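One structure is given here, and the rest of the page talks about it.
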Amino acid sequence: MKVYSNVSLKPYNTFGIDVLAKKLVIIDSIDALKTALDTYKDEPKLILGGGSNLLLTQNIEAVVLQINLKGISIIKETEEHVWVAAQAGENWHDFVLWCIENEYGGIENMSLIPGNVGTTPVQNIGAYGVEVQDVLESCTAISIDNQEFETFSNAACQFGYRESIFKNEAKNKYIITSVVFKLTKKNHTLHVAYGDIALELQKFAINTPTIKEVSQAIINIRKSKLPNPKDLGNSGSFFKNPIISKARFSQIQAKFPNIKYFDISATEVKVPAGWLIEQAGFKGKRIGDAGVHQNQALVLVNYGGASGKDILELSQKIQATILETFGIFIEAEVNIL
C-alpha cells in the first residue's frame, strides 16, 4: 500500500484532467484494502479504478482509494464453459485478450474498452451488441462500513443499460474486488451483425470468423473512430444513447424523418446520441481545449489544457441544444465529480 498527499490525479484519469487529491492510496492487496478502510473509516472516500469513466471538475478532498488488485484464475470448467475470476485492478482489454488467447469466448465484442475489470459491473459496460451482464456470473465486493465480503449474483447486480445496483442503492457502499465471468470454450456464439463488424470482416474475406478475428475487427473499428486516451484525453462514450417510447419517437420522426433508431422492445426505441450530436452541429466542434471528436460525436476530448469544468460546460451545451432541437435529453454516461 502506497500513500500520497496532495497529489495530482492527472495520471489516474483518462481525460487527463489535472486536479489534486488530498490523499491517494494505492491498494494492491486485500489486506491493504482492509487497512485503508480501517485507517480512513471516518473520512469520505472516492473509489478509483482505471479512471476511464470519470470527469473530475474540482480538487478531491476525499481519500482516493485506487484499486490495483491483480490476478486471473480459473475457478471451474466443464466441457462447454469456463468460469474465470479476474481481480478488480486487471486492465479490461488485457483481460479480454487473455481470454481470447485461451479460446474463451463471450467478451470479444468488448475489446479495447478502457478501464479495469472492477468497474465493468458498475457501468454494465457493453459494445457491439454485448454487455457485461451477458457473461457475468457474480462479483465479490467488500462493504466499506463493516469490511465484510458479499457476493452479488448476476440478478443481484440489477443490471440495466449502463446501470447496476452499484450506481444506485449500493453506490458508495461497496468496493468490488473481483468478478467471475462465465465464458464459452467452444461453439462460441458470435455477434457480428452489429455495426461495422461484418463489413470489417469482409475486407479480409473472413466468412467464418474466430473470436480472435472478431476481436481484431472491433479493435480496428474502434481505433479508426476513437482516440487513444494516451494521445488525446477522453473517457470513451460521454453520453448514453437515449431510450424513448415509440409514441414519443413517432412524434419526433414526423419532424425528423431521417432520425436513426434501434428497436429494443415493443414499446421503446434507442436513439444514437452520436447522431443527435452530429445533427446538432457539434461533431468536431472545439471550444478552447475542450472538444467533440471529429470521428465520433459521442466522444468529448481534452486537447491538452481543458479543465473538468470546460468539458462539463461543453457537455451541458450539447445537452441543452439536443433538448431544444429534438425534445430528447441525453444523459451523461461518465461519472462527474
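Yeah, the Cβs are placed from backbone N, Cα and C, and that goes for glycine too.
The domain 'FAD-binding PCMH-type' annotation in TrEMBL covers 17-186. Per TrEMBL, active site is recorded for R162, E333. Feature annotation from TrEMBL assigns active site, proton donor to S237.
Overlay of TrEMBL annotations on the structure.
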residue	record	DSSP (3 states)
R162	active site	coil
S237	active site, proton donor	strand
E333	active site	coil
Neighbour count, 10 Å Cβ-Cβ cut-off, for the residue listed as 'active site, proton donor': what number do you get?
22
Distant-in-sequence Cβ neighbours of E333 (active site), under 8 Å, six or more positions away:
N53, Q123, R162, S237, F238, F239, K240
